[in-house]
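*Asks:* Below you will find the structure I want to go over with you.
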């Protein structure tokens, strides 16, 4: 009974302190702030009448069909979008509450709406709702007119054999700089003597193009190319044509800060597997987040919505190392922050003034190099970044922390959609010094739910989950992706 009362008080204290800090630092993120959503929509003639009860695909323009695929919520007001997302997150957290209370026995159980056992706050809105993406990848395939050298996004699926590539100029989340590069790349490959690579086994060379931008307006383009049977000397000729087009030809209108070229026979590969070749400009672009500067490489992970990422990172920082005087003088709280799946080090570096030590773990070596560079760039001296699989590296780090006795440990995990490896969950669960864990998930109803349950279940020697269980105490959704059903969920676990 005393434990239940203490947990209730803890939840109320966290929520009150968190909301107090959030009001001081994130007041300008209100849905009613002066940064109003751009209400532009596809032309009025494409809107469906309210009286229409049923719409078939043939009634929609190709632009509408693509909008429905890429930005399915584009017809809703922003307030309606946030309401829809909150209900979705509440359903997911209700499911988690059901698992923890025993009302649901397995993830395959029929959905049961269980009373939430912890608060789910309203969705924190994105300060920028339109044209917010700082990274976009445009595909190459047959267009509406049948031209195989069309650059855009897919409507249809390969399984059904009905893929059509549609230009994305009208998409609400797409900045004009990105669509300009896509249009120029389309013009270039249509002038090229080489065919596009639609399917690897049918030949062709020109593949998709990725565009990255930052708040300063710098633009990086990365062109992917399948060499097939071309000799290195022949590839050099076509690289030179690409370079000339974007630096001295019609593509110079894009004013590229960087132009990269990657030749590969694989669908996706890292810089180590096939180096990104810098054809023009600078090897990196830079972005600022909450007063810290970050270097972005061609293949580095960085949140696609810079303005909303600041909301996300300030939320994560406040939950990892609470500071009631958020926004005032920086305060050192001591201890260690363990940043798992740290990417280019953003969360750790931003949180570094509050702790004695940051340990970041990241699989992609290039991202680790960026993280180390970013720490030096910001004169952050208490960060250590370790390359490797978290499930391999983490047990050793945990053992080191235990023997060192370096004070309290907080952990933040920000994995991909597949969630954390079970050995990572086990290492976190079995480390008694970790009293607070913040889990950032872009898909909490997927494999991440398994992670949540393993963090919170009763000790299970069969699964080697012997440590004290965590409990979810607060969930904060952050809208990183306006006009889509997706958002990031920040979930605080304590014990």
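Just so it is clear, glycine is given a Cβ too, placed from its N, Cα and C backbone atoms.
The active site, nucleophile annotation in TrEMBL covers 442. Feature annotation from TrEMBL assigns S-adenosyl-L-methionine binding site to 303, 362, 414. Positions annotated as domain 'Methyltransferase' by TrEMBL: 335-395.
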*Asks:* Compute the average pLDDT of the predicted model within the domain 'Methyltransferase' (335-395).
*Replies:* 92
*Asks:* Given the binding-site residues 303, 362, 414, tell me which ones have a C-alpha lying within 10 Å of the C-alpha of the residue listed as 'active site, nucleophile'.
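*Replies:* Qualifying among 303, 362, 414: 414.
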*Asks:* Between all pairs in 303, 362, 414 (listed as S-adenosyl-L-methionine binders), what's the biggest Cα distance, rounded to the nearest Å?
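*Replies:* In whole numbers, the farthest two Cα atoms are 16 Å apart.
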*Asks:* By DSSP, what is the split of the domain 'Methyltransferase' (335-395) into helix, strand and coil residues?
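*Replies:* Within the domain 'Methyltransferase' (335-395) the tally stands at 28 helix, 16 strand, 17 coil.
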*Asks:* Among the binding-site residues 303, 414, whose Cβ has the fewest other Cβ atoms within 10 Å?
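*Replies:* Result for the binding-site residues 303, 414: minimum number of other Cβ atoms within 10 Å at 303.
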*Asks:* If you draw a 10 Å sphere on the Cβ of the residue listed as 'active site, nucleophile', how many other Cβ atoms land inside?
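*Replies:* The answer is 16.
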*Asks:* Would you mind listing, in sequence order, the residues at least six apart from residue 362 (S-adenosyl-L-methionine binding site) in the same chain with a Cβ closer than 8 Å to its Cβ?
*Replies:* 341, 342, 343, 368, 371, 385, 386, 387
*Asks:* Using the centroid of the Cβ atoms of 303, 362, 414 as reference, list every other same-chain residue with Cβ within 8 Å of it (recorded S-adenosyl-L-methionine site), in sequence order.
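*Replies:* For the S-adenosyl-L-methionine site the neighbour list reads 301, 341, 342, 343, 344, 346, 347, 440.
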